[in-house]
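K.L.:
For Asp50, 81-84, 114-118, 138-139, Lys151, Lys160, 178-181, the entry in Swiss-Prot reads NAD(+) binding site, with the evidence type similarity to another entry. The active site annotation in Swiss-Prot covers Lys151. What Swiss-Prot lists as divalent metal cation binding site is Glu193, His264, His280.
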Amino acid sequence: MANQWQAQAEQTITYEVQMTDGVLDPSNRALLDAGATVRTDQPRRFIVIDANVHEIYGDALRKYLAHHNCEYRLCVLSASEEAKTMESVFTVVDGLDSFGISRRHEPIIAIGGGIVLDIAGLAASMYRRSTPYVRVPTSLIGLVDAGVGIKTGVNFGSHKNRLGTYFAPTAALLDRGFLDTVDDRHISNGLAEILKIALVKDAELFRLMEEHAELLLAERLTGRTPTGDVVAREVFSRAVGGMLEELEPNLWEQELERLVDYGHSFSPTLEMRALPALLHGEAVTVDMALTTVLAEARGLVSTSDRERIFQVMRRLRLPVWHPLLEAGLLEHALRETTRHRDGLQRMPIPVGIGGARFLHDLTVAELTGAAESLRELGGGE
């Protein structure tokens, strides 16, 4: 009589990431068609939306839904790191229960920046153990980073994204038109994540950012001029494509050496300690500046390349230094990162511009020395 069994299963994950203009234009059905397994004349949708986005686009969204005879419920969430909690997830779940969506053919729609996408994604992954959802990022950081992957999460205690899941959306709709109403600081915030990809993976993307930094800021990557449109489309294509190239073979992070973790070794601790002073991309930039100095000290990045990198950071209106970057924080962050990466540092660090390697032997003394050098280079900011 058998007393031991083994079950084995595989699941194929496919999701579409699509650039689309005018996602709230009633003539564009992409929002309702995304993730829908059944097309009906009377669709129903539960929509989680960022409070700031709702204030600007709420009327347009309602007109869109009315045009398509869609029954809907809006769940409006605050978009702040302080609100990125399980309480917000439960707010979404309460709304889902009240609205009573069909489990498979009425996908949840999440509209907002990375925070709201993470909250809604976590709720979708948990509700009835999995409910399809569609991501519609409205911030630049959402368009090139949070909106195109499969991670969900909320903060817990003093830890960023300590609770979360891997749960792919059925689709992500990228409409850069939303960037017209994003403030300047949040445009810079998103450009930090694009710069991340450039520094460790794509020298041509760095060249584009170096050549057109002011144009990218002035036109908000929305293509207001013919030249700006060409540049913005190429930047988006390289940033999103580069991100997906890294994510696709390792969606569940079975391999913990990840290029896309560049800038995310010390920044989670720095960002949470500095709340609300630093945005995510700003903390990532300080992290990248620190590791660029480390790379220079190890002979992996030339002084001239380090100067070019810092110049682009500053031209994108991003900080290269923060006064909280001291020995105690660095030691804590290194310990947390090593634990998160299963006992090895697996620290992505630039090699020149557009290349990278992983380090496992950083010491606190080396880090604090690099931080002191960074303070001297950027401490006036």
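Glycine is no exception: its Cβ is also placed from the backbone N, Cα and C atoms.
Since the structure is predicted, the reported quantities are computational estimates derived from the model, not experimental observations.
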K.L.:
Please list, in sequence order, the residues in the chain of Leu179 (NAD(+) binding site) that are at least six apart in sequence and whose C-beta is under 8 Å away from its C-beta.
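P.N.:
Correct list: Ser139, Leu140, Leu143, Ile187, Arg220, Leu221, Thr222.
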K.L.:
Once the DSSP letters are reduced so that anything not helix or strand counts as coil, what is Lys151 (NAD(+) binding site)?
P.N.:
strand
K.L.:
For His280 (divalent metal cation binding site), write down the residues of its own chain that are at least 6 apart in sequence and whose Cβ falls under 8 Å from its Cβ; none is a fine answer.
P.N.:
Gly114, Ile141, Asn189, Ala192, Ser267, Glu271
K.L.:
Around Asp118 (NAD(+) binding site), which residues of its chain at least 6 apart sit with Cβ under 8 Å of its Cβ?
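P.N.:
In sequence order, Lys84, Ala146, Lys151, Thr152, Gly153, Val154, Asn161, Gly164 meet the Cβ cut-off.
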K.L.:
If we check Cα distances from His264 (divalent metal cation binding site), which of the binding-site residues Asp50, Ala83, Ile115 wins as closest?
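P.N.:
Going through Asp50, Ala83, Ile115 one by one, the closest to His264 (divalent metal cation binding site) is Ile115.
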K.L.:
For Ile115 (NAD(+) binding site), what residues in its own chain, 6 or more apart in sequence, show a Cβ-Cβ distance under 8 Å?
P.N.:
Asp50, Ala79, Ser80, Glu81, Ala83, Lys84
